[in-house]
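To start, the structure itself, in structure tokens.
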Amino acid sequence: MGLLAIPVVCAMSLWNGHPLVYEDSLAYIERPATVAAALGFDTQWANDRKLALLVDKSGEAINPAAGGATVQSGRSLYYGSVAWLLTLVGGLWAVVIAQAALLGIVVAMLWYRCLGLRSHGGFIGVLLGLALATSAGVFANFVMPDILAGILILSMAMLLAFWRRLSRAEAAFLFVVAVFATLSHVSHLIVAAAVLSLAALLKLARPARLRFELPNPALGAAAAITFFGIAGTLAFGIVVKSVTGRTPTHLPHFTAHLVQQPMLAEFLRQNCTPPQPRWAVCAYRNRLPLVWTDFLFNKDAAQGSFATADPLQRRAISEQDVPLALAVLRSDPLRMAGMMLGESGRQLAQFSYEDLSPQTKRRFIDTSFPPRVREDIHQSRLWHDDSALWAGSRIQQIVVLLALPLLLFALHGLARSRNVSNAVLLAAIVCSGVVFNAIVCGVLASPYDRFQARVIWLVPLLAITLFAALRTREASVPTVE
């Protein structure tokens, strides 16, 4: 039944006439395509682009000893490689079809296996609701790893809450999916680690009133997911260093967040003492405050900072990212803690997906995407009218608001049953994962609607599936472990 989700979940792309793309979509696919081109394989994604791993912006060969062009670690080679291979089979359509199938299979496992529901009509209704009224139907059609954030949380929750209900093949499938999700973006990995920590705490101090079971193998699987995510991320850095002679740099998200805050400007005024200031960001203190996206990505020399810095300066800012955040924290802990709490709350409440509109990315698409892909995007509906994204975001806001009381009602009913406490555990882990995502994105980056929109669809999904489980229990008293 999960594969039946493909035409339903792909409704957005089918209506639009093309999958949704973002600036980063090109970065994900171009990196493995560039490696393939360097090895002699011709691909449309690398034809119009310089071999970024082999030449710098001037076209000169990189000399590792000279501190030339930096290698950025922000875009997962794992997700990019899978996406690129899929484009060889069916273009960008193959990517969204695969993501739709993955979402459908995981939701089917939740519906049929974990919650023991049998209504095929109900399952199709859930898929239609996800596709038409939540961001799941948008992000599954988005050539980015964003949909995997929600799938990761749901997969780990099912492994932890329903380990004994899952067959070995099903548990292995969810495990592989979760590992791939952690390798697809570093924020996913941090969320996975947070979910693991929550599960360990619940295992150690299980509330007496909740009769759920959390088997040791399930906890071990969650730990292994996190371990492989960390190992894979470190392995990428090792391979890059062995090939290019330099350690990849990461985007300085902590610093980018702080450049918006008055506290950083005050800190730098006190700690940027000439002639050799300790912090590389001191060079830009007269521009503060800056919008975090301008700091990271604006290539205007008068407004940008990190994006316009020379390679050595970028590396210094990147390496000082965490030390700078800790130094600011030590200098004003209460203010920093208040900022982190406030930003997490803001992120939790921001989940529009209007930013996915191609109309705001026209220049980038026209100058960067391969000609054939660019022409197809020009023919899409959203290229000419993006009002559907505005309307969809408003609908989702209403759906989430309606889902919250329904979820509480379902949880109240299920919590009274002796045999369904693991459904409550599932809800606790998923809801915590949604909150963890807000904390990770709101603090490590900055509150941005797309970051929370990628997981908020889990709330209405939980509400409707647990309500269905409650109604089924009341009608036939099923056993849900």
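Even glycines carry a Cβ here, placed using N, Cα and C.
Just so you know, TrEMBL annotations never went through curation; they're auto-generated.
Worth saying up front: this structure is predicted, and the values here are computed from it rather than measured.
Same-chain residues lying 6 or more positions outside the transmembrane segment (82-111) and placing a CB less than 8 Å from one of its CB atoms are 1-6, 8-10, 13, 18-19, 21, 25, 28-29, 32-33, 36, 43, 45, 117, 122-123, 126-127, 130, 136, 140-143, 147, 151, 154-155, 158, 166, 170, 173-174, 177, 180, 373, 461, 465. Residues or ranges marked as transmembrane segment by TrEMBL: 82-111 (among others).
Feature annotation from TrEMBL assigns transmembrane segment to 123-141 (among others). When Cβ-Cβ distances below 8 Å are used as the criterion, the transmembrane segment (123-141) is approached by residues 1, 4-5, 8-13, 16, 19-20, 96, 99-100, 103-104, 107-108, 111-112, 117, 147, 150, 351, 353, 356, 389, 392, 395-396, 399, 453-454, 456-457, 460-461, 464-465 of the same chain, each at least six residues removed from its ends.
Taken from TrEMBL, the feature transmembrane segment covers 147-164 (among others).
Per TrEMBL, the feature transmembrane segment maps to 171-198 (among others). Sequence-distant neighbours of the transmembrane segment (171-198) (same chain, 6+ residues past either end, Cβ-Cβ under 8 Å): 74, 76, 78-79, 82, 102, 105-106, 109, 145, 148-149, 151-153, 155-160, 163, 219, 221-226, 228-230, 232-233, 250, 429, 432-433, 436-437, 439-441, 444-445, 451.
Residues annotated as transmembrane segment in TrEMBL: 218-240 (among others).
Taken from TrEMBL, the feature transmembrane segment covers 398-415 (among others).
According to TrEMBL, the transmembrane segment annotation covers 421-444 (among others).
According to TrEMBL, the transmembrane segment annotation covers 451-470 (among others).
The transmembrane segment (147-164) shares more Cβ pairs under 8 Å with 421-444 than with any other stretch in the list 218-240, 398-415, 421-444. Of the ranges 218-240, 398-415, 421-444, the one with the most Cβ pairs under 8 Å to the transmembrane segment (451-470) is 398-415. Same-chain residues lying 6+ beyond the ends of the transmembrane segment (218-240) with a Cβ under 8 Å from its Cβ atoms: 71, 73, 77-78, 156, 159-160, 163, 171, 175, 178-179, 182-183, 186, 188-189, 192-193, 195-196, 199-200, 203, 246-248. Counting same-chain residues at least six beyond the ends of the transmembrane segment (421-444), those with a Cβ under 8 angstroms from any Cβ of the stretch are 114-115, 149, 152-154, 156-158, 160-162, 187, 190-191, 194-195, 198-199, 202, 210-214, 253-254, 257, 340, 343-348, 407, 411, 414-415, 451-452, 454-456, 458-459, 462, 466, 469, 480-481.
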